[in-house]
Amino acid sequence: MCPEKGGGPEEGSRGKVPVSLSSAVALRVKKMKAIQTDSEFKNSGAGWGEVPGVTAEDHKSQIAHRYNDLKEETFKGVAMITFAQYLQKCSYDGLSKLVKDIVDLAHKCVANEDAPECTKPLPTIFLDRICQVDQLRDSYGDMADCCGKADPERNQCFLSFRVHHPDFIPPYQRPAADVICTQYQDNRVALLGDFVYTVARRNPFLHAPAILGLAAEYEKALKTCCSESDIGACLDDKASAIKERAKLIGVQQQHGCRILEKYGERTFQANKLARFSQKYPKAQFEEIIQLVQKVKGVYKECCEGDMIECVDDWSELVNSLCSKQDVFSSKLKPCCEKPAVERTSCIVEADFDEKPDNLPSLVEKYIQDKEVCKSYEAGHDAFLSEFVYEYSRRHPELATTVILRVAKGYETLLDKCCKTDNPAECYGHAEEELNKHIKETQELVKTNCDLFNTHGEADFLKGILVRYTKKMPQVSTDTLLEIGKKMTAVGAKCCSLPEEKRLACSEHYLSIVIEKMCKKQESTPINDQVTQCCNEFYSYKRPCFTAMGVDTKYVPPPFDPMMFNFDDKLCSAPPAEREEGQLKLLINLIKRKPQMTEDQIKAIAGGFTAMVEKCCKAADVDTCLGEEGAALIVQSRATLGIDA
């Protein structure tokens, strides 16, 4: 029934699953739960501050409870998102039938919460319905085996089959400008439902609140553009911006889920503690800790694909923040005045609040106080948590990973000093020691941004390709080029910012690129030094990769002249294609001898440039490239000392 081929609404079908963009969400009281611990900081056994957080309140029927909270239209919309992300090949009409089944059950459970099928957890209800789909194996192959597992392993199994922007979904074809405006006017709910379905199946890791927020942006675009003279051009412009936002939000959310999954709740919370302390420096420590705990609980739901609870609990969290604007930040006011569906993204993207005036130096409390060890040993987690809070609210210019390195360095120092006869003397020089972490990052950002802003994007990319090909020559040429382009994009994004914002921007986005690379290498290990860096603490990975040298254990494969095949595309291809081809040649050259020096690279590159300039002007380009290319290879091998 569900796995109908083709037939999504973007190909012309019409379904009747509406999505409300403004349904009110009820507030609920939550039980409290202590934070669990993980590996970024040592676990004292006391729990990470032992602060309260969000868990689902006991309800006889979770589906009835969430349905009552979200109201029918939003519940339907989020159910569609949930099914579209699990069953990416299904048509809109096919999924609409599954959504109807879930809504019918919700109606039944609202009327009678004690009914046997109403007491199951929501994720179980959705997965049970998926496992009842006819011919599931025919369309999804081995994914059908997930149905034989028990929860939560069943859900983890299904999540592992999700594919970001899969090839089996054809590119979206937007209806003609006049048609889409008529559709919006005649059947707004169905059109927005189409949008939600289309985005969800192509972006299976994007959280439902973000998808609903993008739908609100899409509706604004339609309202604006349908009154313009050139509707198509207007929609193209708006759609491009929405697509970029979806991409950026998706990257951030996947990174957050990766931290939670790979490093556990302790590291996730430490990272959020630093971030929220920077963003809301006027809020009290206890308020920040409770916010961290709540965000962790909601993020967990979203990352596990539990989108109904994800939307409901995010809404509650946002409402809670908006009810405490005076406690957290004056920057929340414009966000809290927006429609409910737009608040989440607004709050996430809001600027940091200004620091309180006259914050005292931390030196006296954390370095000069002779009783530091007594406080540290009495409550290790609470002491370190408060240190992160106090340090972060004073340093909005730092990346959270830098703050976590400072905190880890401080923890390591206290572990050592508190065992000595004179701890105060031992930790008395902590400030200089901890500042080393900041100085390393500041110098790296300055060097890279100076290079980017002085020499431009092309030379910056070449520099990265040289460094990273030497570090991990085993990686395919295409993947190295992809990594280089991503790191160059970080330079373009961050080096154009005011100086005080460059460090946090660079460190954050480089961490995302590196983390994605490390996830890939879990299934296909690259080399020992990459494995070592990928096994580092979350906050120490970027410095580890920066410090990584040439892979001295790498043995280049036998020389293959085809890797340096010079043809007339060097002259005739479009500029972008020519540039990419030359970058691949550079990577393949370094793979031949990762230990090559900068002078050797310059000498060979100079010979290549001379060859291209000469042959592209020749009457017979192919003959020239054949002769000059062969000579260049001989010359290059001699320069590098590679035997023929």
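Just so you know, glycine gets a Cβ as well, placed from its N, Cα and C.
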Recorded Ca(2+) site member, picked from ASP69, ASP528, ASP551, that accompanies GLU301, ASP306, GLU309, ASP312 in TrEMBL = ASP69
Query = For CYS418, which disulfide partner does TrEMBL record out of CYS346, CYS373, CYS494?
reply = CYS373
Task = Have a look at TrEMBL and say which candidate in CYS494, CYS495 forms the disulphide with CYS505.
result = CYS494
Query = Quick one: TrEMBL says CYS616 makes a disulfide with which of CYS571, CYS624?
reply = CYS571
Query = Do you know which of CYS118, CYS131 TrEMBL records in a disulfide with CYS147?
reply = CYS131
Note = Answer for the disulfide partner of CYS518 (TrEMBL, candidates CYS495, CYS534) is CYS534
Ask   = Looking at TrEMBL, which one of CYS310, CYS322 makes a disulfide with CYS336?
value = CYS322
Note = Mean per-residue pLDDT in the domain 'Albumin' (244-436) works out to 95
Message = At a 10 Å cut-off from the C-beta of CYS346 (disulfide bond), count the other C-beta atoms across all protein chains.
response = 17
Request  = Based on DSSP, name the secondary structure state of CYS234 (disulfide bond): helix, strand or coil.
outcome  = helix
Message = Nearest by CA distance to CYS505 (disulfide bond): which of the disulfide-bonded residues is it, out of CYS226, CYS335, CYS616?
response = CYS335
Query = Across all chains shown, how many C-beta atoms besides its own are within 10 angstroms of the C-beta of CYS335 (disulfide bond)?
reply = 21
